[in-house]
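Pulled from Swiss-Prot, these are the features on record:
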- ASP496, ASP502: Mg(2+) binding site (BINDING)
- 562-621: domain 'KH' (DOMAIN)
- 631-699: domain 'S1 motif' (DOMAIN)
Amino acid sequence: MQEHIQSISFDGREIRLKTGLFAPQAGGSVLIESGDTAVLVSATTAPGRQGIDFLPLLVDYEERLYAAGRIPGGYLRREGRPPERATLISRLIDRPMRPLFPQWLRDDIQIVATTLSLDEEVPPDVLAVTGASVATLLAGLPFYGPMAAVRVGLVGDDFILNPTYREMMNGDLDLVVAGTPDGVIMVEAGANQLPEADMIEAIDFAYEAIQELIEAQRALMKELGVEMVSAEPPAKDEELEKFIGDRTTDKIKKVLSQFDLDKNGRDAALDEIKATEIIEAIEALPEDAPLRLKTTEEPKLIDNTFKALTKKLMRSQIVEDGVRVDGRKLDQVRPISCRTAVLPRAVHGSGLFNRGLTQVLSIATLGTPGDAQEMDDLHPSDEKRYLHHYNFPPYSVGETRPMRSPGRREIGHGALAERALLPVLPPKDEFPYVIRVVSEVLSSNGSTSMGSVCGSTLALMDAGVPIAKPVSGAAMGLIKEGKEVRILTDIQGIEDFLGDMDFKVAGTADGITALQMDMKITGLAVEVVAEAIKQALPARLHILEKMTDVIAEPKELSPAAPRLLTIKIDPDLIGMVIGPGGKTIKGITEQTRAKVDIADDGTVTIASSESENAEKAKRLIVNMTRKLNEGDVYFGKVTRIIQIGAFVEIMPGKEGMIHISQLAEGRVGKVEDEVAVGDEVVVKVREIDNKGRINLTRLGIHPDEAAAARVAAQ
């Protein structure tokens, strides 16, 4: 393919699509640029694998630090494991792309987006999402696109399309919307308690802008002569469908209408139907029967056909009868219970949140500024002081499997709950602690990420973190059959698995703090998205009421948490406080058993579980950094002796010299006649010369001054 460049004027900013220049062996590739940000996106396919029942799509977002003119740290000086933010962008690309491939497709598909250049004004993530659609179209894959994504910010009362990093950090909204000609397909947002009406308006604003990028992709494909591919699905196995349907339809309906069954009971009943009514019946067929031969060769045919029938019957029950598998109404929340302080007080704060069979235990830990996470990626922020980690062990769903490091799902769910709480956390200057919350999913039946939001709120309040408002969350679902649409409140596992939407909404009583919407269909009208947001509000408020019944206000700071004291020193004195090789600051730590962190601006944070130790460290640092004045009296220790005098450490890291003539009244023959190394002496600052050298004396000190100096030193 020859090089081709298409420019799009998009809200006053140019977006360039360059094809035919890079990655000639990829199925399709595009370099998408805006400003000085450039992202190379490729889409490649390989022949399918036998015996799988899922779409083998792999999406990778890669960051290269050369894009920002930086060399990686570490011994190897090269990029290692993708940072968390890169994993989140991989998910951001995957989520709108996955539902646009035919679900019967079994070819391996890999989409790789690599940031080659970074402009601090233009984030690369939404460019990568749009680029994934372009690359896939160029690769000639079956794809229900085009698809595009935009970001919307809110500064003051104005929505901003594709805001800069600075506008994002200073605004009240960070919203990413992906859409197709059929509607909205993905939403990701963090907001500062934004009212529902404003969020809906922002999504509508985004979807209108998306249409320009969709039309640009269509125009590009037309210019390049690329035809849209719409492959036909494989023929259905009507014989197997009829065989299974005739034997199990009524029995499945009966199970789905047994509202007293919990998740495990329902799963067991459905497994029993499959085993006795299908598998045994097929095994009873003659060995050469076509149906038996077919299912023997492809055992997953039975599972897939049975699941498809169960899905159809469950959806029909919801659409036609307005009843869910557990008997709830469409807008009804499962039973909720909450507890705080469920762990011993060695833990700073804990909260247990139960919603139906979903149970999340969240634990809050308060640390010092030195515990902040340093970020080594392309994002301009250099550290995080609030961390949320989400764990999903196999026992939470009654399974056994090896325990691994967190996967993309765990990282994504943790980031969503983190984003939901950020707007209500106290500012650093009011609450200098670094905060880590870990959410342990102990039992899962849907909406564990929103359970983590609720559990985190309980744990933070239990730890004594003065959050502005409590935050709750609910997961909304959707069943769409033709023109019939049903929105479900607080979906459980089977409704998530067999439904068309998973829409997580978190916020306070005043507004939304986080959104995440994923679809299994090719798009949803903005009006339906708006209805889901509105329906989530009473559910969130109901959950908030249950939470505040247990803990209405943050408690006093946990007695197990370190006590922090903060002081400011002259940045020029930081080196003196640290000392050569860290000697001075280590001495303070050993002497007081307090942890000391010093920021580049001279902010010193002192942490200790004992207030007295923190105060002692504070006095030491204040004394050693205060400006010395002639006439000040100190109680110090002789550190070394020379022929003409003795050096005395009057505070950690600061020494002065007593000339031999100032050691005592009258003539002194030898310094050693008056003092020895290790002696503790009272001295007065006699002079500070123009080089900053401190001259001391033992003469002319009043007994009251000496006594005060001894007390101050202690």
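Backbone N, Cα and C define each Cβ position, glycine as well.
Assigned with DSSP, the residues of the domain 'S1 motif' (631-699) fall into helix, strand and coil as follows: 6 helix, 36 strand, 27 coil.
Taking the binding-site residues ASP496, ASP502 in turn, the residue surrounded by the fewest other Cβ atoms inside 10 Å of its Cβ turns out to be ASP496. ASP502 (Mg(2+) binding site) falls within a strand when secondary structure is assigned with DSSP.
Averaged over the domain 'KH' (562-621), the predicted model reaches a pLDDT of 89. In terms of DSSP secondary structure, the domain 'KH' (562-621) contains 32 helix, 16 strand, 12 coil.
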